[in-house]
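Features reported for this protein in TrEMBL:
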type: TRANSMEM; residues: 18-41; note: transmembrane segment
type: TRANSMEM; residues: 61-81; note: transmembrane segment
type: TRANSMEM; residues: 93-115; note: transmembrane segment
type: TRANSMEM; residues: 130-150; note: transmembrane segment
type: TRANSMEM; residues: 162-183; note: transmembrane segment
type: TRANSMEM; residues: 189-213; note: transmembrane segment
type: TRANSMEM; residues: 233-261; note: transmembrane segment
type: TRANSMEM; residues: 321-342; note: transmembrane segment
Amino acid sequence: MNGNDLTRGAVAPQLIRYAVPLIAINALQALYSIVDLMIVGQFVGSTGIVAVTNAGQVVGFLSQIAIAMTVGGNVLVGRHFGSGQADERKASAGALCVFSLVLGVVFTFGLYALAGPMIRLLGAQESAEAVGYIRLSAIGFLPIFGYHALSAILRGVGESKGPFYCIMAASGANVLLDLLFVGGFGWGVYGAAIATVLAQGVAFLTILLVYALPKGSFYGLERRWLVWDGPRIWAIIRLSLPIAFQQAIIAVSWLYVLAVINGYGADVVAGYGISAKIRDFCQLLITAMMTATSSMIAQCLGAGDIPRTRQVLRTAMGLDIAMATITILLVEVAAPVLAGVFTQDTTVVQVAVTNLRIEIMGQWFFSIFYMYHALAIGAGHTLFVSINSFLNCIIVRISLLYFLGPLVGIIGIYWILMISTSVSILPALIYERSGIWKRSAVLG
């Protein structure tokens, strides 16, 4: 296992081979929360769906922050791999692991302590189930940070299959444990949280034992590299923080959306929760392509190959738009069937279908500006990504909801959520045309 050089060979086949495991990884990770909601919906009912929707939004928000804080390490490892600097690559990998361990401890205790206030911020009733779900999920943040740090290292050297195998094992464990704890033991919402935490532990232990700990591992986790390296950790923070801020912006905007929707009653909240799970699952295709593209671009820029970088961007965007089109058509047709998998409540299903058929069209917008964001991430210009996300999530999405939401009703709110994502396309296009990305900010 000596990594995968993404700077040579035909772009399209190589990008697809690299992206497919990442798509599978994202899909399997999404199954954690989807399976929770499906099984809770079938065995507990709509009250359980509401609890998991509200609590899951908080946990999901912080999980995205955890993933974002490993982006800097992924970019550094990719650049050093592309330029052939083996010791630099290993030192950056070790620093990422140490930094992630510290963050895992901080997130665990912080989330446990603030579970109640976070639920209240959503304008939801502080139910014991929702608070308990969050506190149990807090235990899983150590393995979450550990897994994503090691996964970022592997992706940086072009290895995407390893993380896929680990998540596949974890997803299988999650389904079985959900059925056992929720369906068999009757532990309800708490059982779903415990199952997810244990599955996250499976993912971390698998990637640790198979890839990180074997003696002489190519991935640079020998003891001598596992040190608190201040300058490298600062470089990781400098690259990761704008992406973490971006994820925080996105999450805050969706938390605000949920707070608004909570005002329309339990059926609408449950329907929105189902629709959001399906929508987010579909968007994982686009997100995975962005991850694959940014890693490939990081290696190409590390090798100083500007023409290939352009080719990677064009190819990835074409593939992404095609995937978004197919996804939209399938969801528009199959929306009632997809929503019906979660619950038999016809009112909740109808709400979910209405929301889904409107919001899913926004995938076209995501498929375009996410690829420009991949270019910026690969070049180390993560601050631009953060600013562009602030534009559509806060300035547009929240502003429109605040001023127009009371006037347009719930259907109008769905349209606002779909349209607001389009405003990030123009700034992203301007960034690409400017050529700023040719002057990488990774090492400077």
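Cβ atoms here come from the backbone N, Cα and C positions, even for glycine.
Any TrEMBL annotation is an automated prediction that lacks curation.
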Cβ contacts under 8 Å made by the transmembrane segment (93-115) with residues that lie 6+ beyond its boundaries: 58-59, 62, 65-66, 69-70, 72-73, 76-77, 131, 134-135, 137-139, 141-146, 148-150, 152-153, 156, 212, 219-222, 224-229, 232-233, 236-237
Maximum Cβ pairs under 8 Å to the transmembrane segment (18-41) - stretch from the list 61-81, 162-183, 189-213, 233-261, 321-342: 162-183
Contact yes or no, the transmembrane segment (233-261) and the transmembrane segment (130-150), 3+ Cβ pairs under 8 Å, gap 6+: no
Long-range environment of the transmembrane segment (130-150) - Cβ separation under 8 angstroms, sequence gap at least 6: 51-52, 54-56, 58-59, 62-63, 66-67, 69-70, 73, 96-97, 99-101, 103-105, 107-109, 111-112, 115-116, 118-119, 124, 163, 166, 189-190, 192-194, 196-197, 200-201, 203-205, 207-208, 211-212, 219, 221
